[in-house]
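A.B. asks: Please see the structure below; I have some questions.
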């Protein structure tokens with residue numbers, strides 16, 4: 001059996017491709033928004049209901065998806081959810097009203113809720129602790145790549161055929177990836193092409209809570225009663241509205257505020273997502289650099305990245321001070337970079353403080369918190385954008401991220417959740 005050096009990087013590349021296609025299906029509706037609103041006579045508020053349907057379903061399914069992944073395993077669980085979102089995305093082409101779009105997008109959101117927990121679980125299986133933020137940065141970059149390629153692909157499909165074809169193409173690509181995932185993904189213990197040296201490197205570099213597979217799983221109640229959970233969940237609640245806004249509203253923002261046509265949207269709407277890619281990658285490399293430069297531990301280094309991203313989010317918060325559309329695009333690029341840098345750090349923190357047997361569940365619960373905020377903010381945008389404009393809403397997003405940075409420094413302790421639970425003596429977590 002031929003051994004492949006550096007196989008963990010091939011695995012994270014496969015995870016990244018899944019994230020790319022998942023976010024392509026997610027952002028197809030945003031890129032097609034001007035056409036959908038015109039052809040189906042959809043108002044801004046009705047469009048917000050479509051976005052909220054996706055976000056609400058994603059919110060509710062986050063902990064469910066995490067639990068299913070922990071029970072079925074990364075390979076089977078992720079494949080099942082990917083097939084579902086592919087089918088539901090293609091079925092969106094059958095919608096003939098905003099209500100039909102909302103139902104279809106809600107189904108897509110429910111299935112795509114597994115995407116980030118699955119990526120995080122795969123990263124915790126395949127990477128030692130010191131490289132995990134890099135791995136998460138790479139698979140998280142897929143979210144912005146998918147969002148980046150959606151505008152030109154969707155505009156091409158609309159011009160060449162119809163908006164329905166855009167959803168069919170996106171769904172078909174995700175289905176093909178799901179089949180590839182079933183074929184190629186394996187846990188390191190089952191991967192025969194993995195060298196002994198790399199297997200030892202992965203296992204020996206993981207924290208104790210990730211090395212032991214026979215440990216009892218923390219219950220949902222124990223996770224919710226742990227302050228470490230809230231130290232991650234609250235900042236994610238405050239940060240996620242920004243990413244939801246970037247994914248769902250930028251094309252419509254360009255159309256309504258600056259009068260961009262479909263061609264101009266295809267030319268510029270992807271740019272903030274390119275910078276979001278850079279934020280994902282750089283945000284993954286910063287924690288080990290901060291550890292080396294400042295002598296801090298892993299959790300503190302993640303907090304520093306979150307803080308840096310929150311400060312940079314002041315950029316898009318000032319978008320209302322400028323009338324030039326190209327300055328606005330530049331500020332959105334800064335925001336894309338900032339959010340994805342801090343988002344990667346927040347997501348990775350779940351695998352830093354929770355054990356392998358509950359990491360997907362914990363991430364699903366923190367994700368539920370994040371997407372609840374995204375759902376609510378989408379409704380706020382739909383209700384207020386046509387009256388007060390988009391600028392005050394971008395300012396609010398900047399304030400949210402700064403508050404999230406404050407919370408993470410005051411609530412999250414610099415130790416695993418198991419240690420925090422044992423110190424409280426109220427509800428001791430199971431020993432790992």
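Each Cβ is built from the backbone N, Cα and C atoms, and glycine gets one as well.
So Swiss-Prot has the following annotated:
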SIGNAL    1-31  signal peptide
TOPO_DOM  33-48  topological domain 'Periplasmic'
TRANSMEM  49-69  transmembrane segment
TOPO_DOM  70-75  topological domain 'Cytoplasmic'
TRANSMEM  76-96  transmembrane segment
TRANSMEM  100-120  transmembrane segment
TOPO_DOM  121-138  topological domain 'Cytoplasmic'
TRANSMEM  139-159  transmembrane segment
TOPO_DOM  160-164  topological domain 'Periplasmic'
TRANSMEM  165-185  transmembrane segment
TOPO_DOM  186-236  topological domain 'Cytoplasmic'
TRANSMEM  237-257  transmembrane segment
TOPO_DOM  258-264  topological domain 'Periplasmic'
TRANSMEM  265-285  transmembrane segment
TOPO_DOM  286-293  topological domain 'Cytoplasmic'
TRANSMEM  294-314  transmembrane segment
TRANSMEM  318-338  transmembrane segment
TOPO_DOM  339-369  topological domain 'Cytoplasmic'
TRANSMEM  370-390  transmembrane segment
TRANSMEM  392-412  transmembrane segment
TOPO_DOM  413-432  topological domain 'Cytoplasmic'
A.B. asks: So, do the transmembrane segment (165-185) and the transmembrane segment (139-159) meet, by the test of 3 or more Cβ pairs under 8 Å (sequence gap 6 or more)?
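C.D. replies: In this chain the transmembrane segment (165-185) contacts the transmembrane segment (139-159) - 3 or more Cβ pairs sit under 8 Å.
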A.B. asks: What average pLDDT does the predicted model assign to the topological domain 'Cytoplasmic' (121-138)?
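C.D. replies: When the pLDDT values over the topological domain 'Cytoplasmic' (121-138) are averaged, the result is 82.
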A.B. asks: Quick one: DSSP breakdown of the topological domain 'Periplasmic' (160-164) into helix, strand and coil?
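C.D. replies: Final tally across the stretch: 3 helix, 0 strand, 2 coil.
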A.B. asks: State the residues, same chain only, that lie 6 or more residues beyond the ends of the transmembrane segment (100-120) and have a CB under 8 A from a CB inside it; answer 'none' if no residue qualifies.
C.D. replies: 15, 18-19, 22, 25-26, 29, 36, 40, 42, 49-51, 53-62, 64-66, 68-69, 74, 77-78, 81-82, 84-85, 88-89, 91-92, 94, 136, 139-140, 347-348, 350-351, 359-360, 363-364, 367, 371
A.B. asks: So which of 76-96, 237-257, 370-390, 392-412 has the most C-beta pairs under 8 Å when paired with the transmembrane segment (49-69)?
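C.D. replies: Maximum Cβ contact count belongs to 370-390.
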A.B. asks: Who are the chain neighbours of the topological domain 'Periplasmic' (160-164) in space, where the CB to CB distance is under 8 Å and they lie at least 6 residues beyond its ends?
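C.D. replies: Hits for the topological domain 'Periplasmic' (160-164): 32, 35-36, 39, 93, 154.
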A.B. asks: Within this structure, do the transmembrane segment (76-96) and the transmembrane segment (265-285) have 3 or more Cβ pairs under 8 angstroms, counting pairs 6 or more apart in sequence?
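C.D. replies: Output no: the transmembrane segment (265-285) is apart from the transmembrane segment (76-96).
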A.B. asks: Of the listed stretches (76-96, 139-159, 294-314, 318-338, 370-390), which one yields the highest count of Cβ-Cβ distances below 8 Å with the transmembrane segment (237-257)?
C.D. replies: 370-390
A.B. asks: Please indicate, using numbers and ranges, the residues of the same chain that are 6 or more beyond the transmembrane segment (318-338) and have a C-beta under 8 Å from a C-beta there.
C.D. replies: 144, 242, 246, 250, 254, 257-258, 260, 268, 271-276, 278-279, 282, 308-312, 389-392, 394-395, 397-398, 401
A.B. asks: Same-chain Cβ contacts of the topological domain 'Periplasmic' (258-264) under 8 Å, 6 or more residues past its ends?
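C.D. replies: Non-local partners: 34-35, 155, 158-159, 325, 328.
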A.B. asks: Summarise the topological domain 'Periplasmic' (258-264) by DSSP state, stating how many residues are helix, strand and coil.
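C.D. replies: Going through the topological domain 'Periplasmic' (258-264) residue by residue, I get 4 helix, 0 strand, 3 coil.
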A.B. asks: Six or more residues out from either end of the topological domain 'Cytoplasmic' (121-138), which same-chain residues have a Cβ under 8 Å from its Cβ atoms?
C.D. replies: 8, 11-13, 15-16, 69-70, 74, 78, 185, 187-188, 201-202, 204-207, 210, 280-288, 298, 302, 344-345, 347-348, 351-352, 356, 359-360, 363
A.B. asks: Same-chain Cβ contacts of the topological domain 'Cytoplasmic' (286-293) under 8 Å, 6 or more residues past its ends?
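C.D. replies: Distal contacts: 130, 133-134, 300-302, 304-305, 308, 341, 345, 348.
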